[in-house]
Amino acid sequence: MSVLGKTLQEKVNLLAQYPQTGLSLKQLVYFGKNPTPGTLFRAGLFLRDELPIRLARRIQDLQNLSPMLRSMKRISSVKAAYGRSMEEIIELKGVELPKCLPKHARYHNAPKWRSSLMDSEILHNPSLANTHLDSSKGRYFETDFSDQDNGVDCNWPESLLKFNSNFAYLLNTIRTRHDNVAVEIALDIQEYRRKTNQIDNSIQIFLDRFYMSRIGIRMLLGQYIALVSEPPRENYVGVISTRANIYQIIEGAAENAKYICRLAYGLFEAPEIQIICDPSLEMMYVESHLNHAVFEILKNSLRATVEFHGVDSDFFPPIKVIVAKGQEDITIKISDEGGGISRRNIPLVWSYMFTTASPTLTDDPHDIVSANSTTPMAGFGFGLPLARLYTRYFGGDLELISMEGYGTDVYIHLNRLCESAEPLQ
């Protein structure tokens, strides 16, 4: 039996049919660089439209898992959490638009799925048939952002300001509710593997899609909450840094990784990490995403180096981080002499749950999937697949080349053009 209930399940089935709308880093920055109550209202309407669609698709993915997986306690809890969040957004009411907005900004105040949803609900509740919808005028919010209300002389009504703050509060509640979602999925997948001793390709595809969607949802939530509720910061648009210093991010990730290495192996000094990078190199990026990927790779390189050469070794070869700036990409190459990976195991490094390390428990389960984590993940097998998803989210990539018996090179590609939309499925 569905944990959602019949009515909510029908809403999921309806909303999941609508296409998702992917945004690029450039769009997010352009729209949020000079926020006004009007632009934030437009962003809120977009999220009120988009988030239920994304949540509905993930609910369906969870429901399409094998009977054993979809009946597990944590996965059922995730379905319920997503369903609750979706319904809370659906039930959020719009406001009357200010008349001072220019003609191009008179977008719909109701989501594009609202009329279809109402038609579905009327079948079960005829009393809704006379409900007035405010979606008959103008056009809906678009992601072309070229028409903004910056500079419009308008006394924004209190109802609009209240919508912005209330919606930010709701999204923050949803973000907190979903904090444990990814780790709950991971733990049930882990339990499933223990019981069946297998992770087939369909589960791999599901996890890639689920975690990529989670990155996107949390990105949209965090960006809107930051724009509405947090004081502006220099060189930031919401959570996006317009001048992310690549050297400083790598340096911070390196220090954290070395600290973890010293703790894990009881070393006085961890292997050296040499950074060859222009200290002034900057780009527009989400710093936590890059930090997550670099930290994960460096942590793996440090572990491989220490274990290959022995904890009691008098000398560890340095790990080298080389950064190159191209016309389209900034590429970060991380090279170690940690013994490499066998050719047979290369395809498996992208598989969730595959690891060459013994399990290391953490105090906080969030650390398994957190973009801000500096806690050991060795033994869970999520590190490399998640790091690759973070780099791919805005059009980059992560590649690995290994020489068994010597070491491994990992390439992190960052898209400088910032025009790639989210890879939604």
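The backbone N, Cα and C atoms fix where each Cβ goes, glycine too.
Per Swiss-Prot, the features are:
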BINDING   296-303, Asp336, 355-356, 379-384  ATP binding site
DOMAIN    180-418  domain 'Histidine kinase'
MOD_RES   His178  phosphohistidine
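Per-residue pLDDT, averaged along the domain 'Histidine kinase' (180-418), amounts to 89 for this model. Every protein chain shown contributes to the tally, and the Cβ of Leu302 (ATP binding site) ends up with 26 other Cβ atoms within 10 Å. Of the listed recorded positions, namely His178, Lys299, the sparsest Cβ surroundings within 10 Å are found at His178.
Glu296 (ATP binding site) sits 23 Å from the residue listed as 'phosphohistidine', taking the Cα positions as reference. Rounded to a whole number, the distance between the Cα atoms of His178 (phosphohistidine) and Gly383 (ATP binding site) is 20 Å.
A 10 Å cutoff on Cβ-Cβ distances gives Gly383 (ATP binding site) a total of 25 other Cβ atoms nearby, all chains included. The two recorded residues Leu302 (ATP binding site) and His178 (phosphohistidine) have their Cα atoms spaced 32 Å from each other.
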